[in-house]
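Pulled from Swiss-Prot:
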- D130: active site (ACT_SITE)
- M75, C76, H77, M115, E116: substrate binding site (BINDING)
Amino acid sequence: MSSFTHFNDQGRAKMVDISDKKATVRTAIACSSIVVTKEIYDKISHNEIGKGDVLAVAQIAGIMAAKRTSDIIPMCHPLLLKGVDVSFDWKQSDEQYRLLIEVKVKTEGSTGVEMEALTAASATALTVYDMCKAVDKGMIIGETYLLEKTGGKSGDYTRKS
């Protein structure tokens, strides 16, 4: 494992200088999920949540979060993103309804987009919670994790199952 690079000679936090790094195509895929009741699942599926189309709003929130990651994660560089795609898939078992969230982010630049993908996945799940909390506050936001990344000096990464 490499050493931490976000500290200066005095041991204080710094933003890493990436000006000498080569610009390459970089991608990241992050996942999250939220478990909801059958009632919420039905209301989302039939667009009956009072605040509006939950998945459309959550999708936009995820895209906005990816674009604004450097505003909330202190050491992230502002990036010109080339694309952000938020997708959903429902998984049901018994009376448990899990909304799976997958976010793909792409750029061509000097640093990766892992944090943008992770931030987007988190914000997407949080937005679903916010829009549905009037129906039930017992929703559970699941694990948020990096599934895959490509490009950059550290090479490609794929999460092992």
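Each residue, glycine too, has its Cβ placed from N, Cα and C.
Overlay of Swiss-Prot feature records on the structure.
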{"residue": "M75", "record": "substrate binding site", "Cβ neighbours (10 Å)": "12"}
{"residue": "C76", "record": "substrate binding site", "Cβ neighbours (10 Å)": "18"}
{"residue": "H77", "record": "substrate binding site", "Cβ neighbours (10 Å)": "16"}
{"residue": "M115", "record": "substrate binding site", "Cβ neighbours (10 Å)": "22"}
{"residue": "E116", "record": "substrate binding site", "Cβ neighbours (10 Å)": "27"}
{"residue": "D130", "record": "active site", "Cβ neighbours (10 Å)": "15"}
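Rounded to a whole number, the distance between the Cα atoms of the residue listed as 'active site' and C76 (substrate binding site) is 26 Å. A distance of 22 Å separates the Cα atom of M115 (substrate binding site) from that of the residue listed as 'active site'. Using the Cβ center of M75, C76, H77, M115, E116 for substrate, the list of other same-chain residues with Cβ within 8 Å runs, in sequence order, T69, S70, I73, L79, T111. Binding residues for substrate (M75, C76, H77, M115, E116) extend across at most 12 Å, taking the greatest CA-CA distance.
Each residue contributes its Cα atom, and for D130 (active site) and M75 (substrate binding site) those atoms are 27 Å apart. Under DSSP, D130 (active site) is assigned to a helix (H, G or I) in the three-state scheme.
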